[in-house]
Amino acid sequence: MAASISGYTFSAVCFHSANSNADHEGFLLGEVRQEETFSISDSQISNTEFLQVIEIHNHQPCSQLFSFYDYASKVNEESLDRILKDRRKKVIGWYRFRRNTQQQMSYREQVIHKQLTRILGVPDLVFLLFSFISTANNSTHALEYVLFRPNRRYNQRISLAIPNLGNTSQQEYKVSSVPNTSQSYAKVIKEHGTDFFDKDGVMKDIRAIYQVYNALQEKVQAVCADVEKSERVVESCQAEVNKLRRQITQKKNEKEQERRLQQALLSRQMPSESLEPAFSPRMSYSGFSAEGRSTLAETEPSDPPPPYSDFHPNNQESTLSHSRMERSVFMPRPQAVGSSSYASTSGGLKFTGSGADLLPSQSAAGDSGEESDDSDYENLIDPAESPHSEYSHSKNSRPSTHPDEDPRNTQTSQI
């Protein structure tokens, strides 16, 4: 038994094997023919030899491993029919590609081969094994192949011949023509076959060959034009898709920026709201309105008086000039030990409020303290003085020390 495979089928399988990242498998399509060789020697002795030749014309690759059998090596006929379809009768074998393995059939492959032989009904089913071997430094790559015909006892190796790859002698070429499966080619031959072939299939005229050639070229050019148009359409569609993708990405970026800006504004507003005081600013410790009513009752007894630096004479002058003395606020003058703790009035106004208008600390004083405080208060403030003289006197006279530094000038509540 001998076997041969067409050049383009062998090159296609080798190309697929070299460029694949994993193992793959498929089916071999072709036919099996018988050759009879009759030889006569010089001694008038004739010898007849019959040779069975397996011709592989095409192949049908599978999409992945385990496509027509399961992990238990059981062949599924439905999957097999779905892969082969109408080519089931042309199957003469199957092939498999493995990397860096020995060129021997595995037990799984032997089990699958027996099932395929029974299901397909081909007794001479063959198995073609491809293996790709490379050296350690990847300097040499070798693609090895071997054809098996499994028997009951052992796996018989069959020599595989590839036409047009050896010597260019006539013996290396195939005797029978390879069937062409192209529909366009069959259509052209059907139209122009009667012009240069007789009924017996003998060529009539060589001129008809050129006509067929021109017709084929026209078909090819038409197909090329259609392919070019379709490629242009695909390019334009791809450009539109890329443009839409860029627009979508840009809109997403804009929305993300807006969201970040809103978050930044919210984060800025939250600290500002947290820093705002929860209560209104307090008024000055003591003072009088334009009508002369005291606001001592409105202040809390525990609030300390503001520093004297806030009521510096220069500051008072600027305040009086701008506000036209509509709202004048003065702090009590520093007083000696034992003096009254009543606040002095500005603009010639005297304190005429009742005891309810005093601070709780001031109203807690005894009767004797009140009498001495009234005398001291009259000595310090002269009713005959005009508001302007008092203002000038307060401007020229300046306390030497801060009330916080001199314990003699501090205000004490009488208990």
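Cβ atoms here come from the backbone N, Cα and C positions, even for glycine.
Just so it is clear, the model here is predicted, and its values are computed rather than measured.
Range with Swiss-Prot annotation coiled coil, chosen from 7-58, 163-214, 215-266, is 215-266.
Same-chain residues lying 6+ beyond the ends of the compositional bias 'Basic and acidic residues' (251-261) with a Cβ under 8 Å from its Cβ atoms: none.
When the compositional bias 'Basic and acidic residues' (251-261) is classified with DSSP, helix, strand and coil residues number 11 helix, 0 strand, 0 coil.
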